[in-house]
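Asker: For reference, TrEMBL lists these features for the protein:
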type	residues	note
BINDING	Ser155, Lys175, Thr231, Val263, Pro264, Ser293, Arg294, Lys303, Gly332, Leu333, Glu371	NADP(+) binding site
DOMAIN	94-216	domain 'FAD-binding FR-type'
Amino acid sequence: MAALAAASVAAIHSSHSLGQLPPVAERSDRVGFPGASKSFFGGKISSSDLTYTHRPSPSTWNFSVRAAAVSTETVEKVKKKDEEGVVTNLFRPKEPYVGRCLLNTKIVGDDAPGETWHMVFTTEGKIPYREGQSIGIVPPGLDAKGKPQKLRLYSIASSAPGDFGDYKTVSLCVKRLVYVNDKGEEVKGVCSNFLCDLKPGDEVSITGPVGKEMLMPVDPNATIIMLGTGTGIAPFRGFLWRMFFEKHDDYKFNGLAWLFLGVPTSSSLLYKEEFEKMKEKFPNNFNLDFAVSREQTNAKGEKMYIQTRMAEYAEQLWDLLKKDNTYVYMCGLKGMEKGIDDIMTSLAAKEGIDWAEYKKQLKKGEQWNVEVY
């Protein structure tokens, strides 16, 4: 990754340097890391204390800014479909927004199984997304049938202000897909390899934003349980930046955020330093648990998958799930869903509850939100 730029806030808002990301301490809406001298995404963060910098709500957007009272009182639930100001399908495949790559850096160790990259694209404020939404990427060229490539959807890995804090960028977390087919031939995923190979300045065709399923609750006092595997961490990074790295006029998180992240190796733990800094500074509002399947086991000697780690807190999680303002979000590999359902089935049965029916009620109340692939 290129050396981090030492740019002023004014410079950040007027222009972006290709291949460079301003230090977090100098972003206009971030809780900064003063003196951070290494890569924010892949390197170690300095031990300096966090400092708040204030960002008022944007006044130039032509849609409503979400409002959430900063208090400890219960906030009335708002259905996601009824939330004001949520923009969808602003850009479509035939008329995409053409941005450019500002930054593209590998964020896993060399010994990790596969490459995962963090990338930042320009939007110039024209793709007003929310935390939890996705964008489409239309890779260049034609498919095997001679038709334009179809778009691929990716969960957004940044909060609404973007990594620069000026509402003019969007970030993704992408794993390069490479596999060997039945004929013994190496096959490379079209879109993931296009994205992971991008260089600063390269153009990117973007559609969206799309999706309301994974929008985070407006209630600042909610309990938010996030279950992610691999690049399924993307929407939760956006959630957590909004909760802990930003100071808003209309939102201050007073609830409990609990992140479970499952990966195969410790070198695959994405954004680990960010999350650990959040935990250090907000210990009463943030629980952080990793499940590293190839390196950790439970007391029974079983591999530590995300559901295995959750089982260690089974009773506590079940108690939280019975609260009206607890929201569960699941994102990542589809295989995680069954293991989590098995745990919940067992817990519900202890109270004579049918988990399948109870989950339907939670989904209806938008308290159980799933995006798996």
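Glycine residues also receive a Cβ, built from the backbone N, Cα and C atoms like all the rest.
Note that the structure is a prediction, hence the values are computed from the model and not measured.
A description of the local structural setting of each listed feature is requested, covering burial, neighbours and distances.
Answerer: Long-range C-beta contacts of Glu371 (NADP(+) binding site), restricted to its own chain and to partners at least six residues apart, with a cutoff below 8 Å, comprise Ser155, Gly211, Glu213, Met214, Gly232, Pro235, Tyr329, Met330, Cys331.
For the domain 'FAD-binding FR-type' (94-216), DSSP puts the residue distribution at 7 helix, 51 strand, 65 coil.
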Asker: State the count of C-beta atoms found within 10 angstroms of the C-beta of Pro264 (NADP(+) binding site), not counting that atom itself.
Answerer: 19
Asker: Other Cβ atoms within 10 Å is the metric here; tell me which of the binding-site residues Ser155, Thr231 scores highest.
Answerer: Ser155
Asker: Could you say which of the binding-site residues Arg294, Gly332 has its Cβ with the most other Cβ atoms inside 10 Å?
Answerer: Gly332
Asker: Quick one: mean pLDDT on the domain 'FAD-binding FR-type' (94-216)?
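Answerer: Per the prediction, mean pLDDT sits at 95 for the domain 'FAD-binding FR-type' (94-216).
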Asker: Measuring Cα to Cα across Ser155, Lys175, Thr231, Val263, Pro264, Ser293, Arg294, Lys303, Gly332, Leu333, Glu371, which the record gives as the NADP(+) binders, how far apart are the two most distant ones in Å?
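Answerer: Result: 28 Å between the two most distant Cα atoms.
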